[in-house]
Amino acid sequence: MILEAKNLSFSYQKSRTIFNNVSFRIDAGEILTILGTNGAGKSTLLNCIANMYKPDSGEILLNGKRMSDMDISDVAKLIGYVPQLNSPAYGYSVLEYVVMGRTPYIGAFSTPGAEDYQIANESIEKMDIMHLRDKPYTQISGGEQQQVQIARSLAQQTKIILLDEPTAHLDYGNQFRVVEMIRNLAKEGYSMIMTTHNPEHAFILTGKVAILNRDGMLCVGCAEDTLDAGTLSELYALSIKTKYDADAKRKICIVC
Amino acid sequence: MTDTVKKTSALSTLNGKSRSNKWEFALVIAISLISLFVLFTTSLAVGRYSIPFDYTLKILFSKIFFIEKVWGDIQEAVVFNLRLPRSTAAVLIGAALSLSGATYQSIFKNPLVSPDLLGVSGGACVGAAIAILMSAGSTIIQLGAFAGGLIAVGITVSIPTLIRNTSTIILVLSGIVISSLMSSIISIIKFVADTDTQLAEITYWLMGSFASISFIQMLPVLPTIIIPVVIILLMRYRLNVLSLGDMEAKSLGINLGYTRGIFILCSTLITAGCVSLSGTIGWVGLVIPHTARMIIGADNKRMLPVTMIFGGIFMLAIDILSRTITSAELRLGILTGIIGAPFFLFILFKQKEQLK
């Protein structure tokens, strides 16, 4: 067990409950796909797991230790976070951006050293984006920025990587390439937690799926069993069918 | 994108590139330091009472090496008692204000931010103006400016806590509120000030000047500038991370409130210290970090040292101009505005591709 969430609850301003009594666990190499409608609170849940928001009640255990008792930089050595695409104010080069993943290992009065740049370079190489290395982050495409952000998480050398809608703003091809990449990283032993609006991603990733419904309940299970026509239709208020496709060798979703 | 991991590619060319970056940095630092030195010597030589350039160098180094005295006592006195403190102050204040501006620009993720954002200059003006109103001496005016700056920022940073929203945007808005409150208070003070003496003194103070700076006057302020400068330089890599945004900084293990607090405190001390010495000097903290970023890139690791040297050069050049272009000395605030504004437009023009 690497990450365990126990009875998490969260509400904004004590008025609207975002989620209630949420529990799940994830092991090394596992994938958790969080589905939910717009405004259901997927990002809020992810931000709680990422140690950015404090849940109202419940606790998160990292390798058996309570996250709330841990130092913020120790959490950052275990959990990497890939936010939704944004545009930073300054045009750091891709290398400078990726090396920032080394921050939890760099003292407050220090700057990244040769070893940190070495690790950053290896992460860039692993994502196969060496050609972008010296370009300003602000001047590359959205898909490339997504890759750079994941490279930064790799440089952070965490056990868990959280991704907030990594496929948003990406074209059809890049969406599936990112999903493929997430699956490969899980094979290497990273625990991946991502939010998405596309239930099909859960089928491709074949891991656990968590559905956050409007009442703030999270139901967790394996993608194959949990995502049936009834559940999906109810979640998205649409008539959705799922069926096995022999060519894709997985279930696919059809809106009818 | 993932299936093929090409191990064959660029690792071999890596070191070559980073080495050329290092050389670029060393070159920029070397050239700007030489320019600073040349300008510094020039600043000691020129003015109403001009001194030959070689004499200036000899006078300057006579304190360190033995050099046969070929210059007059008046020349030596002008260099050491009048111009050396003044030029030292110009370099120090230019460098410190630029560093302070660059720090704010990173914390607030906005390249258009200047060190005045949280009201430090406005507060310092009020403090100084009150001191002038009470016909206080220059030490009290200096103290009033310093305290006023700190109090104004103190009020600004406590507003987000009071209204229970510690986001950056509330902090910035609080800064705007306090700044405009301060400028109103200055208007009130000007309105009640004695029009023959105090009003002129306040007005001149607001325009900034190095004319009356002495080493004795600088000494007590020096630690409030130097220590924060050193802390910011040591912690400068954290500025990169803070400039990515609150969430990302947190996810990279930064204790946001604490780190941002240290930077704000340091920048505030620097600006309050500078303003208490020279009066308000606009534009430097905005324009110089831009210039440095354009030349050396955004990475604060390399950008901040360059910014400081550039700031020193700029301020020194402004000071030389202020006492050479007209017979009556021009105030710094006038020149930094007149030169800074078109210079800033030029930078914006050069950077139009990057800025969005």
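Even glycines carry a Cβ here, placed using N, Cα and C.
TrEMBL annotations: computationally assigned, not manually curated.
These features come from TrEMBL:
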type     : residues  : note
TRANSMEM : B:25-46   : transmembrane segment
TRANSMEM : B:89-107  : transmembrane segment
TRANSMEM : B:119-136 : transmembrane segment
TRANSMEM : B:143-163 : transmembrane segment
TRANSMEM : B:169-192 : transmembrane segment
TRANSMEM : B:204-237 : transmembrane segment
TRANSMEM : B:257-286 : transmembrane segment
TRANSMEM : B:306-326 : transmembrane segment
TRANSMEM : B:332-349 : transmembrane segment
Contacting positions for the transmembrane segment (B:306-326) when only residues 6+ beyond its ends and CB under 8 Å are counted:
25, 28-29, 32-33, 35-36, 39-40, 42-43, 46-48, 86-87, 90-99, 102, 209-211, 229, 281, 284, 287-289, 291-292, 295-296, 332, 335-336, 339
The transmembrane segment (B:89-107) and the transmembrane segment (B:332-349) contact flag, 3+ Cβ pairs under 8 angstroms:
no
Tally Cβ pairs under 8 Å between the transmembrane segment (B:119-136) and each listed stretch (B:25-46, B:143-163, B:169-192, B:257-286, B:332-349), then give the stretch with the top tally.
B:143-163
Under 8 Å between C-beta atoms and at least six residues away from its ends: which parts of the chain pack against the transmembrane segment (B:257-286)?
89, 92-94, 96-104, 106-107, 112-116, 118, 120-121, 123-125, 128, 142-143, 145-146, 148-150, 153, 157, 166, 204-210, 213, 217-218, 221, 224-225, 227-229, 231-232, 235, 238-239, 242, 249, 311, 314-315, 332-333, 336-337, 339-341, 344
Using a Cβ cut-off under 8 Å, which residues of the same chain at least 6 positions beyond either end of the transmembrane segment (B:143-163) come close to it?
118-128, 130-131, 136, 170-171, 174-175, 177-179, 182, 221, 224, 261, 264, 268-269, 271-273, 275-276, 279
Do any residues of this chain, six or more beyond the ends of the transmembrane segment (B:25-46), have a C-beta under 8 angstroms from a C-beta of it, and if so which?
52-53, 55-57, 59-60, 79, 83-84, 86-87, 90-91, 295-296, 302, 305-306, 309-310, 312-313, 316-317, 319-320, 323-324
With a Cβ cut-off under 8 Å, give me the same-chain residues at least six positions beyond the ends of the transmembrane segment (B:169-192) that come close to it.
108, 116-119, 121-123, 125-126, 129-130, 133, 152, 155-157, 159-160, 163, 199, 202-203, 206
